[in-house]
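K.L.:
Here it is: the structure, laid out below.
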Amino acid sequence: MKMWLLVSHLVIISFTTCLSEFTWYRRYGHGVSEEDKGFGPIFEEQPINTIYPEESPEGKVSLNCRARASPFPVYKWRMNNGDIDLTSDRYSMVGGNLVINNPDKQKDAGIYYCLASNNYGMVRSTEATLSFGYDLSYRWLLNEFPVFITMDKRRFVSQTNGNLYIANVEASDKGNYSCFVSSPSITKSVFSKFIPLIPLPERTTKPYPADIVVQFKDIYALMGQNVTLECFALGNPVPDIRWRKVLEPMPSTAEISTSGAVLKIFNIQLEDEGTYECEAENNRGKDKHQARIYVQAFPEWVEHINDTEVDIGSDLYWPCVATGKPIPTIRWLKNGYAYHKGELRLYDVTFENAGMYQCIAENTHGAIYANAELKILALAPTFEMNPMKKKILAAKGGRVIIECKPKAAPKPKFSWSKGTEWLVNSSRILIWEDGSLEINNITRNDGGIYTCFAENNRGRANNTGTLVITDPTRIILAPINADITVGENATMQCAASFDPALDLTFIWSFNGYVIDFNKENIHYQRNFMLDSNGELLIRNAQLKHAGRYTCTAQTIVDNSSASADLVVRGPPGPPGGLRIEDIRATSVALTWSRGSDNHSPISKYTIQTKTILSDDWKDAKTDPPIIEGNMEAARAVDLIPWMEYEFRVVATNTLGIGEPSIPSNRIKTDGAAPNVAPSDVGGGGGSNRELTITWVPLSREYHYGNNFGYIVAFKPFDGEEWKKVTVTNPDTGRYVHKDETMRPSTAFQVKVKAFNNKGDGPYSLTAVINSAQDAPSEAPTEVGVKVLSSSEISVHWDHVVEKIVESYQIRYWAAHDKEAAAHRVQVTSQEYSARLENLLPDTQYFVEVRACNSAGCGPPSDMIETFTKKAPPSQPPRIISSIRSGSRYIITWDHVVALSNESTVTGYKVLYRPDGQHDGKLYSTHKHSIEVPIPRDGEYVVEVRAHSDGGDGVVSQVKISGVSTLSPSLLGLLLPALGILVYLDF
């Protein structure tokens, strides 16, 4: 089935109004006077395709039509080629716009167009379709509103048919589903009855291959539209969906949704036409689907008609060409009625041909209109609109053209006179077909009064002008050729003679282009100090300034020019045509063509290289080592095998180093066996029965080929036979050999070499390393625990006798946890104790200690059981007063009573510190009050917290002021009134 994507098109074509000053004939009326400035209708707004949403609350629809005309136009509307009765209550007109009240699908759906007319003619608008319907959007509810299904790789809602698809039903999909349909054009939505979904357990786990159930069809789209293709598959596991355009790259504007089920092509073009494929695949199988997108195009103008005036009796070819797919046909309307098909040619036009014309280009997708007015001119010659110049200047010895262009229709015949003498064509005098008079090789005697006569069958007219002869302009000091070096200055002289009654201007051009002294004042300057002199100064000349300079001395009558060449010598230009040939492992052949030497012979060339490992260009070693300036080929040598290179060539002469050539295409040198050995071979350590060998991997530039890796060789120190293993990871620098028969701390000789697909490289220097030592066999003894608080304990032990110990590991876990979840603390072999922190209060813990080294940990010590203390009090002391007494403050607080699961209060800690600082003086007391000195300056903070075996409790604090802040008498008055400010930290 072919699917057509429809889109509304609005085409507004306006044309410049041609105002006629002359008598002409119209079909719609009699002739007009020369002062008539009227014109026929020109559309400024036309109706467009419209979809009226059914049940729309607006209750009306408007189709627009507006034209510019003089006099104002009269509007009519037609539906399906029948006149609309505008006297009916169902229709009204606002300007030229048609308003349909209470639109009815049965009565009002159809094709509409507007007619605009005045006494100059009538034009017809583009056709517009009025249809009724909705733009629908589908979503699905789960169990209740507004819980909508989220689309992902497993779930998909088709916007083509509204169906919900679930690729692989899971137990979580159980529920009641409802289809929710809404329209963006009206504020209305509906939803279906809820449908229950109960997944079957045996079906949710059974795997099955991908099966495409949502398939897109062949589709026809208009150029510029957005196209959407849907493809979704069922399957377990959930299939992956991939898109491609068969045998062609995907359009640059194509976008694939996150789930992969939707392909959107924005602003589709003709070249996007083709076959598209979606493929769904899981580990059980794959499925494919293909369909074709046909891209066609709405008509578009290549050349259209414009308002035109032609002389009566002449011929007219009015081109009107459009493109589109299918190719549009052309038809014509005149004054709103069918007139012609195809190409329009009018011969021997009369007044009957005047009117409003419309060229219509249409194909199956629509039509476009071009409107224009044709006026037929018929009038006697007149110079009122375009008189001859009263004074014409011409230089002696030169050439002059005196124009004679009266308005006339039909075209008049011309004749000329000088004074009383009639002029005829000669070797010096020529009367052109358009009436202009040309005089060559002018002399002083040619000055005088000239009259042009024009005559046609409507009448005759003449006009007069005076020819004045001036002295010619001549270059008297011409520029001369110059030869300079880059950075130097050059002067181009230029002077001229001219008629003293005229003004003289000098214009300089470079290689045919006029020099703009405002924009190019850095390098170009003019000398305005001398009269009749146009000297040019070129400052800090560059290679680009070499070329031909032309000085033109110009008056309003004539001009004279002279040229000279500037040679700028400098470093050579870039060589061209760089080619790379005969590519080997460490060398390539280069050929190039010589660039410009910029007037100084090239002395040598330099070849430069750049690899993928660096952005810097470096000089390459070459054969021959020195590349003479007359050479155009050489070889770059000592390159790195199997390396990607770019090359460029730079020329040099006595004036400097030139610009480099365009870099070559990137090439890769052939591979070769490695010739560099890995460095820093060593190793040792590791776990029991292991030999660990290490080295520094070779960087990419030393790989020299594909399939790069390492060969590791090792043997016991006194052994005879080397054991070899292959390591294929080019970036690794470590190999671990495991052997249950290997004795601990055994000396081995080891060496490493690199290899690739071209062969092996040299071995490194041989290194001596030891196999891993055994893990300790003894357990620490005399393990003890000291409980410090509700969250800390200290563990201590005696060292083992073995010397291979590198560290001690303390494992501990709460009784309500599994031993596998034990925490670990590692300390050095010199430590005899460790502190365990962040423990849970009032909790039973198990603790054990092990001796460890690089081979592992030994047996555990006897397991120790311990209990942390109860948590410290959770309630802060409530400070009840802060009173000054002499030179001290007395701070008093309520006693803190611990809860049943908290440690008993044994005393209080008081921190006396400056406000804003953390350190201060710490006091301890068993009382409920303390005396602290009055601060000498600023404010201090007094912090009070309860102390117990489980640790310190929550803090209360109070701020007290220093001596310089408040007087004692004022403090005594304020403190009782203000009360006590208490800060609680939790």
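Including glycine, each Cβ sits where the backbone N, Cα and C put it.
Unlike curated records, TrEMBL annotations are generated automatically.
These figures come from a predicted structure and were not determined experimentally.
If you look up TrEMBL, you'll see 41-131, 135-191, 209-294, 299-375, 381-468, 472-569 marked as domain 'Ig-like'. Taken from TrEMBL, the feature domain 'Fibronectin type-III' covers 574-672, 677-774, 779-874, 875-968. Annotated signal peptide per TrEMBL: 1-20, in sequence order.
On this model, are these features tucked inside or out on the surface, and what's nearby?
P.N.:
The helix, strand and coil residue counts that DSSP assigns across the domain 'Ig-like' (41-131) are 4 helix, 51 strand, 36 coil.
With helix defined as DSSP H, G or I and strand as E or B, the domain 'Ig-like' (135-191) counts 3 helix, 30 strand, 24 coil.
Within the domain 'Ig-like' (209-294), the DSSP-based counts of helix, strand and coil residues read 3 helix, 52 strand, 31 coil.
Per DSSP, the secondary structure of the domain 'Ig-like' (472-569) breaks down as 3 helix, 48 strand, 47 coil.
In the predicted structure, the domain 'Fibronectin type-III' (677-774) carries a mean pLDDT of 92.
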